[in-house]
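Database features, via TrEMBL:
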type	residues	note
BINDING	105, 106, 107, 108, 109, 110, 111, 112	ATP binding site
DOMAIN	12-682	domain 'Myosin motor'
DOMAIN	813-986	domain 'TH1'
REGION	559-581	region 'Actin-binding'
Ligand SMILES: Nc1ncnc2c1ncn2[C@@H]1O[C@H](COP(=O)(O)OP(=O)(O)O)[C@@H](O)[C@H]1O
Ligand SMILES: [Mg+2]
């Protein structure tokens, strides 16, 4: 337990809550750095996981690692993403409460990798249903397809996701993953037509050109020889460095398409869109002598119309309505270029949405979904030199997530305090609702004002938008512009910028492009063009219906929906940090990390979690660890756990303000208190004596044994219940392996009922009603027989002994069926048959007597004897002489053969000097005698039934053997090799005679 605590000097603290100086950003970063240097990339803030991108493959993601984290508590083992994944999964299983895992961090910090690791954990570790193997595959394979269309190489990340993704993994009641659902946010469509220097377009363009089959490329009018000829691919001036990885990726993507269930036609339709975008990009315009815009390129246009069904005229002309009449009017050169780009973005964006829908169809679950774990992989707070509409949306999103985080964290803290009966202490925190309102409030917020400006007729533009913001929001504590500010701040905000004071810090947004981007600039006629494309496509490929509303508002609405989804779940958080911009392992740049710690709000996270108590543990765990520190609790505390903890902390001199005892947990306010206790434990360890150490070892070993036994019992119980249920369903079917357990159980229970409710007299004809599977027992003519039989055999234990005999001999010994219809009687020897002298010696302790034949151990001479079962041992009597006495406690076991002979051997300890070796006996009532002996000596499980021969001990370590064989008649002879040979007649199995027999012989 708490291995990280004892190793804390070497690698900092594994939970930031234990940082002594928890308000110090420097201490926080130093802890991250120290751990990162040791390749310890994960650290907790309570239940939040902070992850620092290692930029190298670490050997910590194997199946063995997954196993190690299964079912383990957070603090028991070094921090890991699997611990978090497992924790959420366990909550889903045990509490049936939906979970979500929110992953944030800036581009390249490791969000997508983290979400893949979580998904891998679930698809590897969760139980399977027969038909869910393919769902696992599809869940995993949805990633490469979405990445091909939604990821791109950027300066920050070679595989940067250019969209936000929320994915539900759905589980059935057994915890098997059975489906999924994806929601996508804000695809960065501008990348389709423009990339920054050193960046690329979406992967799929390069993958198709590098690896698409020749005939396919020909059909799409594409040429692989020179990808640089496509204008939309050369904007970023990015050298074609990754052609090999594109080729490999294409293989993965093609396979993934098949797994997800795309047919060839659908894949080709998708690729047609990719080709159309490339052709559109190569469509050039010029002006003729009348200043009218026309197309200067022939080839791409051919493909634009043939592959994409785009009417060529729509690229240079638009519909206008003048004086109530629709007319076609020309576009200016500039308008044509921007309309072309808008069309390319719109086509690609809608295709992406279609792709997500198609994947969702493939992941839709077929069986009842019981609970859900959602995974959110979305951009973290973004602050660049120049921040535009996209950063505005992203940061607004993070503002909302922060609000959710604070609300849920405080809520769960409060709930825990309440559950533990500890008074809630107000936590000071920055409530960012004021900023969320500033952005999203109806009619008043920035988004409302932006929409208003977009829809307003007249000369609306980005600058008029800025003026309106200043007008309406001037004076708001979190909003500043150049004009509104004064002094220093004025200098820091440009004339075309507005500044928001986010929870994580200030960000200046440049208003250029806000209106266009919000309008998602698509001329009316272009929308119609897209509609036409939909209609003219023959296949089932569909674009989604045209969106209505402005981009920011749409985003706001989808975010609100997302918040509802997340609010209904229990959240866990993964905060990803990028240690350097060069994508290099081992490099930890403090300035960069500090920036992220700030924008991820980690110090605020820590402050909120630490506002109350730094450490909390269940009484049991606390006492278990620290009990050696107090004489009263060592080595074991016998009383109530809370009293034990109380005694322990009093002995340790904890001050009242340092801790509180809840109902099941101790809360410790300062890490220092805990560290002192830990240090005391370290000091104590060497002085714990050998005996105590052994005791600890034995205790922990015993805990393990008990745990395993508990687990085994649980498994057995589950099996039994399963067998009973299966048997119950098949109870009316003929006896078969699936219902025999159930039927036997019913028979046994019924028999016990009979035993408890035996009729009082022969005339009493009442009979307990048997279960349907035993209806034969009520047969009128047998009823009386039963009553009669059972009345005679009222002897209290007789029926139980019959059941025991059945357990020992049924199916094992040939003459067992014969014994079934015969009664077990109280004794086979009346008192008078036993010599008076013997009776006088033994007193009245005799429980059962029977005539037996004893065979000498050496010559195998047969001698008549009486066998008496007494309260504490078995006696062999020859007339008036007591020949041998074996205490039950020293009886090792009883052996019989599997045949129908009456031999039985009593084994005694060879070293027992009073004994002359094992006793070889023969009896006509072997089943009865052995059963009674086994019951009285408590040796039911020590009856050994041998197939061919039985070895027995003769005095002084010698050994005798009895061989059993089938034969025409019974013979018992001494053979040449000194064995006793018992030949037994072949038994024809007698049929069961009555129902009791039937019941017992089953
Ligand atoms: N846990 C990890 N182990 C090894 N490499 C990682 C890990 N997390 C991230 N990386 C590396 O960093 C790159 C960027 O990670 P990614 O998850 O795509 O970032 P994000 O989604 O946050 O933009 C990955 O392609 C991978 O090379
Ligand atoms: Mg990503």
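Even glycines carry a Cβ here, placed using N, Cα and C.
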Please list, in sequence order, every residue of the chain apart from 105, 106, 107, 108, 109, 110, 111, 112 whose Cβ lies within 8 Å of the Cβ centroid of the ATP site.
53, 157, 380, 576, 578
Highest Cβ count within 10 Å among the binding-site residues 105, 108, 110: which residue is it?
105
Using DSSP, what's the helix, strand and coil tally for the region 'Actin-binding' (559-581)?
9 helix, 8 strand, 6 coil
Can you check which residues sit near residue 112 (ATP binding site), meaning Cβ under 8 Å from its Cβ, same chain, 6 or more apart in sequence, and list them in order?
147, 151, 159, 161, 377
Note down the number of other Cβ atoms within 10 Å of the Cβ of residue 106 (ATP binding site), including every protein chain shown.
22
Around the C-beta of residue 107 (ATP binding site), how many further C-beta atoms are within 10 angstroms, looking at every protein chain?
17
Listed binding-site residues: 108, 109, 111. Which have a CB under 6 angstroms from an atom of ligand 2?
111
Model confidence over the region 'Actin-binding' (559-581), averaged pLDDT:
92
Entries of 106, 108, 112 (binding-site residues) sitting next to ligand 1, with Cβ under 6 Å as the cut-off:
108, 112
I need the least crowded one of these binding-site residues (109, 111), counting other C-beta atoms within 10 angstroms of each C-beta.
109
